[in-house]
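Engineer: Checked TrEMBL, it gives:
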- A:20-38: transmembrane segment (TRANSMEM)
- A:50-72: transmembrane segment (TRANSMEM)
- A:79-97: transmembrane segment (TRANSMEM)
- A:103-124: transmembrane segment (TRANSMEM)
- A:131-149: transmembrane segment (TRANSMEM)
- A:181-203: transmembrane segment (TRANSMEM)
- A:234-253: transmembrane segment (TRANSMEM)
- A:265-284: transmembrane segment (TRANSMEM)
- A:291-311: transmembrane segment (TRANSMEM)
- A:317-333: transmembrane segment (TRANSMEM)
Amino acid sequence: MTTLTVVSSRPIGERVLDGVAKWGFVAVTVALIAFFMITEPNFRTVDNVFGMLKYIAPVGIAGLGVTLAMTVGGLDLSVGANAGFAVSIAAWTLVVAGQVGGVAVGVVLLSGALIGALNAVLIVFAKIPDLLATLAVMFTVVGLKLIIVDGKSISSQMTLADGTTAPGRFTEDFLWFDRGMIGPVSVPVILFVALTALVWFILDRTRWGRALSAVGSNPHAARLAGIKVRAYRAAAYIGCGILASVAGLLLAARIGQGDVSAGNSLLLDAVAVALVGVSVLGIGRPNAWGTALGAVLIAVMVTGFSMMGLPYYIQDFGKGIVLLVALLFSFTFRRRATTISAGSTTAS
Amino acid sequence: MTTLTVVSSRPIGERVLDGVAKWGFVAVTVALIAFFMITEPNFRTVDNVFGMLKYIAPVGIAGLGVTLAMTVGGLDLSVGANAGFAVSIAAWTLVVAGQVGGVAVGVVLLSGALIGALNAVLIVFAKIPDLLATLAVMFTVVGLKLIIVDGKSISSQMTLADGTTAPGRFTEDFLWFDRGMIGPVSVPVILFVALTALVWFILDRTRWGRALSAVGSNPHAARLAGIKVRAYRAAAYIGCGILASVAGLLLAARIGQGDVSAGNSLLLDAVAVALVGVSVLGIGRPNAWGTALGAVLIAVMVTGFSMMGLPYYIQDFGKGIVLLVALLFSFTFRRRATTISAGSTTAS
Amino acid sequence: AQQTTSTDAASATTVPVADLHEPFNGDPVEVALVQQSGAGDYFTAWTAGANAQAAAINIDLTVTDARNDNAKQASDLEQAIASNPDAIIIDHGQTDTLEPRIRDAVDAGIPVIVYDLALEDTDGVIVTSQSDASMASGVLDQLIADVGEGANVGLVSAEGFAPLDRRKAVWDEYVTDNDLNEQFFVGEVTESTATDNIPLVDAALKQYPDTQAIFAPYDEITKGVVQAVIQNNLQDSVKVYGIDISNADIEVMIADGSPWVATSATDPAAIGAAVVRALALSLAGELDETDVQFPAITVTQDFLLENDITNVSQLRDAEPSLLLDDVVVADWLPAVSS
Amino acid sequence: MLSNVAEANDHPVVRLSGVGVRFGSNRVLEDISLDLHSGSITALLGTNGAGKSTLIGALSGANPHYTGDIAVGTSVEGTAAGVVAERISSPAHARRAGIETVHQRISDGIVSGLSVADNLVLTDLAAGGHHLARRRETEKAARSALARLSLDWSDEVLRADAARLGTSDAQLLILARALRQSPSVLILDEPTSALTAAEADRLFDVLRTLRDEGLAILFVSHRFGEIERLADRIVVLRDGALVLDAPRPFDWQAALAAMLGVPAELQQHIENPLPPGDPVLHIDGARLVAGAPALSLTVHAGQVTGILGLLGAGKSELAETIAGARPAAGASMTLDAERFAPKTPAHAIAKRVVLVPEDRQRDGIQPGWSISRTVGLPVLSAVANRLGVVRTGRERELGSEVIVGFGVVATSADTSLDDLSGGNQQKVIVGRWLRTSPRLALLDEPFRGVDIGARRTIGEAARRQAETGAGVVVLSSDVDEILDVADRIIVLVAGRIALDTPAGVLGRADIVNALLDDSGHSKETA
Ligand SMILES: Nc1ncnc2c1ncn2[C@@H]1O[C@H](COP(=O)(O)OP(=O)(O)OP(=O)(O)O)[C@@H](O)[C@H]1O
Ligand SMILES: Nc1ncnc2c1ncn2[C@@H]1O[C@H](COP(=O)(O)OP(=O)(O)OP(=O)(O)O)[C@@H](O)[C@H]1O
Ligand SMILES: [Mg+2]
Ligand SMILES: [Mg+2]
């Protein structure tokens, strides 16, 4: 009978390269943090660290949603629209309908789940390719939001169509999602870390995570192995929708009003951090901690460059260069080629 | 000898469904056009038709670039940044360097090719996944542009850093790219149609087009068949870069100044029309005429809805719904491709 | 085309068509409104005001919104000219982009009125504006009065946007004249301006916690600045000065401990309506000037609190001059806004 | 002619000297020296993972990262004293040197999205020539390529997306393409594993003609019968080293010993066919092929049921219907006398009815997944604890179980399936299903591409499974594979049962005749 081949120890050179691929991105982030810490005394403060995390929390959480969609081999272009919808619907519930924070949270999560479910139905049952389906949903949801609020930001004391003043306001319990602290850490940071850990746990440690990645890597084979492919794909998009709406919840609490433009810039950022997450730890597939690290890298750059007093346009350039260097480390020195499946344009 | 398998004529029901999948999207477009023609007298005018085409030309041309990148199995997120760079560099060449239009056109096309080449190097040689590479290039190019122009829009008569007034201006020969007419048709429309035909011809009628599709659909098999996979992928990204810069050229001529915000909205639109192009004609893969039709559909919606006096946010909703309906037609009613029997069992 | 005017105020004050002045007493007058942007609170209100005023005087207004895409605005204007309307209103935009096309319109005999758009050649064009210079100097006077000369200050704004550039020019003058110590200049205009400015200002404040005043000459930016100040717990030492006003802005200004102490205000709805009135007067041959300026007022936090003002309609009641109901009016043309 | 061949035999057209290949730290080929002569067919043998495809990778330019030298064509000729070393740097380079290769994996040869005709002339895309893609010319060229294998495909087929071709047709397409270049060296990596006997025969006729025309042919197969009929010489690889190089007549006992490293029996027959036990599955009213009559079939526990049929006979259709992978369309089933109507594979698996699909690459493998993950996937709920957390230790145990039980050549259970040789991938996929002790196991072409040792391992595993009282169905288009393993033999012809007999009752010839019955094939005489 055949015997197992013994693994010979690998040459040093290869191990170094593997290390570079695995830790290169992290090294760039650490180097950048060290640089800012040395040059900018204020960067070192605990306040600043938590401030950065707080600022990036919505992007990171929406990125976790995109990570879910990418795990089943898709991509969700509607996350920004979804978060924006959450902001307006929260404001509407609080201000126009005069409800308390708890109700608003419920409405927001429900709307996120529904938008996710709409994506799921279009992709899984109507067989529309994910990029196209979520693109159409993006337009529809943005439009729907603006129709609901008549194109206007909703704020307390605003005059309603019938001439009366809106009865409600952003309640304290709702604003807690931005301003609340648990110990020394603010609520958005805790939510961000907790949700990252949760998504990591589900994807990496549970059978459901296994099934999700099986669906993403070869849906056909997954089906024949007894995985309920359609259910898992639907679940991933619904999960993504809920995470996007949580991001919207944090934005709403931060802005304290139903800013109509909220969420617009979230899509690109969320997709970017999820993509960066694929490469960050040399894992080569969508993963939660990588996405979180990607978000942190962006926050570090934005804060550090601002503290250095660089104008915003030099920051864009800096972002690009740092990203490039990190990508070179992660991919160019790696021995096995990686392809990222980020959405398809053909029906599966 | 060999016996031919007899092709049984297909049932009517199937043929109807196939027709819906193939022509559903076109039908929606035609229905929409008919609707606007009936309700909006101004929509019917020849002027309006050419006006719409002229308006959408840059988006369509950038979409053709994305179509190229999609053909080799990739995607280019830097098209918007590329076009924006073209606008600023054209303005810089004309206004600050005081050159004539011809020089500016040369500089623009060169910059587009270089940005494409940068993408190509990162993707093909540095082995960075296309979405990540073009994302990083997007940031870098936007940043570079803003650094070159100091974050400001360049306009004739502007004061330079040394206190003097800029020597040049947008010359007539440059503005010709927006205002020029050849017969009754304006230059952007002619360029749009000509480039669509060119890309169609290359992709569909030449062996390079076949090779590009082969590279996109099975790079490994293409390599084993001796196709220079890396060269073709590089060529596609360079072609995409050049097309994006042509889009930027048209924008620059239209805006008549180095608007720093130009090109911002181009990325999403270009990707959207290329994606729609995949499904429009039931072809199911990136194709030039589909992309052009996708662009026309968007122009029709934007113009028609505006003429109806709908506020912008209802337009978003309308876009989403029209897109959804068209996608349902294209994909949901499509039958799965079945295995064919080549009839290869033979009597000897 | 059917005009959607959801405003009830409009229908309440509509004058019967027959009583209107030439040329409004016949078929609807076709007017194209070419906007650089119709999104955001300011422009939504502006457009609503314009629509309401138009509906009241038998104008059929066709609105195109370029959504901050200058190339699209150029196309929109071209298409508006091609449809040969009775007049064109242009709201904001880039000079170099629009000027040649405005000339085309004038040459084609179409009356043109522009709002907040600087032109080199105003021949045949009616120019209206809310004066950026006066708006900026109004709040900056307040700033100097509050923190004095030589104070530590910061600017949060972006470059490349005409109104912001004009406001910054005023700021630069004030900095030199009053010997202010400008510690930082950050900021950007994005698709989510309010949220995206928070981290930038946050970083700046961490760097310069001794800042005394911040000028943020665009209310979307101002909101982000206020957020960043509160986030750093500096609301007692940093005063914020903004420009523009909306319900949302008032809510932020009057919130407990808000650092936003003064803003410069016009009522966008009233302005949108006034621009339409200026056009109507000119079509009726009754407008004698070609350059109409709408005044702004400076609103302080104290004023809002003292008068218990919580939204724009209450502010209008307290400051009737915001309504502009005595600017460009006629007997047949009363001011109507949403 | 004959003298020409003899003369040509003296000149090698390809000379490998000291060729070695390693993947990372894993040395897969060591110091291979080998000449290929024109006018001669060399069969390359070896167990799964011995390094055959790897050797071909180096020869064909697919993998330029080899050590040692490969000299080709003119550089060999005329340099009697020594050969000029040449590095084969790319597939295009190899092709220019006259080496044409048919790779083992069909997916490496078919570009979906392009038409069948385009795929037939795929190499022209690289070669230059006319820049316009003219459909008529393309189809003409495609047709003449097919003619080489006496194939005459309809226009509809030529214009269809190549992805729609079935496995055998796809294999024929790739072969036709390789032959149209008139190369001087032809390399075929298991070209017959996806072909039926009749197609293989036709291929062999073509290969003999080509040999007589002076081609050097290198041919990989696990089927000794084929090699006996075709080859002039056999070369055996074991663990990456050349262990045997012998001309005709072949000593198969020695060849087998060289392959496996230990002496082994060449022939293996079923001594005592197992008797049928209780009925496990009954299927009624299944229409497998358009126009065929409805089929009824009962599968019994405690024995291996072998279903034999040519391409398109409806074997996969039958297996997939039972496994819930395909709508039952009018068929009704009972499992252990209870109604059985699985809508998805998950339903069937819940009832312990499992399917090993025929196309492992498309239907069995998650790219990048390790052996243990792959083995654990169908039994996730058993691998995970009650909270749903996957116990990786348990998973690794399952992986090792399959590695040991099926003799998979792999460094560890964490090895990615992508890094395994084709046959070893097959063992993992078969193993992961058989180890779940299914009630009914459906193995569709389980021996495709596996070596003789592995074939026995899989066959024995299937029989052991049957002995425990399970129902086992093996579907194959190879008579010998079925004779080797089945206790009951069913021959399927165009969706209809042509023969149903216990093993050992009828001779091989009768079975072959039943198989070829009605299909217009010439019958084999006993
Ligand atoms: N890309 C690769 N990376 C790492 N190891 C590989 C790679 N390709 C092959 N191997 C290893 O090399 C060895 C030889 O594989 P090869 O494919 O040459 O076997 P083979 O003789 O063709 O087997 P089969 O009969 O199953 O096709 C195997 O152990 C396999 O695991
Ligand atoms: N999805 C499908 N739609 C229509 N016909 C199909 C489909 N799949 C297979 N067929 C046809 O059904 C018949 C049986 O196919 P099946 O794959 O079951 O054959 P098989 O005996 O397993 O042959 P092979 O040796 O190719 O596996 C063939 O004629 C095939 O072309
Ligand atoms: Mg092999
Ligand atoms: Mg089969």
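Along the chain as shown, residues are numbered 1 onward.
Placed from the backbone N, Cα and C atoms, the Cβ positions cover glycine too.
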Engineer: When you check the transmembrane segment (A:79-97) against the transmembrane segment (A:265-284), do you get at least 3 Cβ pairs under 8 Å, counting only pairs 6 or more apart in sequence?
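Structural biologist: The answer is yes, given that the two segments have at least 3 Cβ pairs within the 8 Å cut-off.
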Engineer: Go through the chain and flag residues at least 6 beyond the ends of the transmembrane segment (A:234-253) whose CB is under 8 A from any CB in it; none is fine as an answer.
Structural biologist: 57-59, 61-62, 64-66, 68-69, 71-72, 74, 76, 78-80, 82-87, 90-91, 105, 108-109, 111-117, 119-121, 123-124, 170, 174-179, 188, 191, 195, 199, 208, 212, 215, 259, 262-263, 266, 270
Engineer: Would the transmembrane segment (A:317-333) count as touching the transmembrane segment (A:265-284), if touching means at least three Cβ pairs under 8 Å and pairs must be 6 or more apart in sequence?
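Structural biologist: Judged by the Cβ rule, the two regions touch, with the required three close pairs present.
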Engineer: Would you kindly list the residues that approach the transmembrane segment (A:265-284) from elsewhere in its chain, counting only those six or more residues past its ends and only Cβ-Cβ distances under 8 Å?
Structural biologist: 18, 21-26, 58-60, 62-67, 70, 75, 77, 79-81, 83-84, 138, 244, 247, 251, 290-295, 297-298, 323, 326-327, 330-331, 334, 336, 338, 340, 342
Engineer: Which listed stretch (A:50-72, A:103-124, A:131-149, A:181-203, A:291-311) has the most C-beta pairs under 8 A with the transmembrane segment (A:20-38)?
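Structural biologist: Counting Cβ pairs under 8 Å, the winner is A:291-311.
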Engineer: Between the transmembrane segment (A:181-203) and the stretches A:50-72, A:103-124, A:131-149, A:291-311, work out which stretch tops the count of Cβ pairs under 8 Å.
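Structural biologist: Ranking A:50-72, A:103-124, A:131-149, A:291-311 by Cβ pairs under 8 Å to the transmembrane segment (A:181-203) puts A:50-72 first.
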Engineer: Cβ under 8 Å to the transmembrane segment (A:291-311), counting only same-chain residues 6 or more beyond its ends: which ones?
Structural biologist: 25-26, 28-29, 32-33, 35-36, 39-40, 42-43, 48, 51-53, 55-56, 59-60, 63-64, 66-67, 192-193, 196, 269, 272-277, 280-281, 318-319, 322, 326
Engineer: Quick test of the contact rule: Cβ under 8 Å, at least six residues beyond the ends. What residues does that give for the transmembrane segment (A:131-149)?
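Structural biologist: Non-local partners: 74-78, 80-82, 84-85, 88-89, 91-92, 115, 118-119, 122-123, 258, 260, 267, 343-345.
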